[in-house]
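Report on the following structure.
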C-alpha cells in the first residue's frame with residue numbers, strides 16, 4: 001500500500017494489435033530472441049509495483065508475461081493511443097500513469113525510474129484539490145513530443161476526455177493544451193525511444 005500523500009505510479013503498456021507498417025502484431029515480434037511485449041513488461045516491472053497491459057486480446061499474450069501483470073480489456077480498439085490513455089486514466093487507481101508502447105525494446109529502467117522520482121513533488125491527496133502545476137512529463141524530439149514513453153497525472157482525465165469528445169486524436173495537439181514538463185532528450189533517452197515500426201527496423205536494430 002502506498003504511503004499517505006505519496007503518489008502511486010502504474011505502468012500502462014499499450015498492446016493494440018496489428019500494425020499496418022509492420023504487417024503483423026508488433027507485441028509478438030521477437031527482438032534479439034525475446035518478444036517486444038515481454039521486453040517492455042520486464043522494464044516496467046523494474047520501475048512500477050503495478051504493471052497493466054491494455055489490449056483487446058489478453059488471452060493472446062498471457063503466456064509471455066509474468067503472472068503479476070494485470071490486464072485491462074481495450075474498450076475502443078482502433079481508436080488510437082490517445083483514447084487508450086483516457087481509458088487507463090479513468091479506470092486505473094493511480095496518481096500517475098507511465099504510458100509505454102509495446103514496441104520499445106531498448107527501455108532503460110534507470111531512466112524511467114529517474115522520471116518517476118520527479119512525480120514525488122506532486123502527490124495526489126484529494127480528488128477535489130487543485131491540479132498540480134505539471135500534468136505530464138514527456139520527452140520531446142526535434143519532430144515533436146514522444147508521448148508513448150511518458151508520465152501522465154490523473155488530473156489529465158477531464159482535459160483529455162473533452163479533447164476526444166471534440167474529435168481530437170492527436171497527442172501533439174492535446175499536449176499543447178496542458179502543462180507539460182519537457183524531459184531532456186539526452187543520447188541515452190534518444191536511444192531508449194528507438195522503436196520498431198517496419199521489418200527493416202528489426203534488421204537494423
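Note that Cβ sites are derived from N, Cα and C of the backbone, with glycine treated the same way.
Binding of GTP is attributed by TrEMBL to 14, 15, 16, 26, and within the candidate set 63, 103 the record adds 103 to that site. Mean model confidence for the domain 'MobA-like NTP transferase' (11-175) is a pLDDT of 91.
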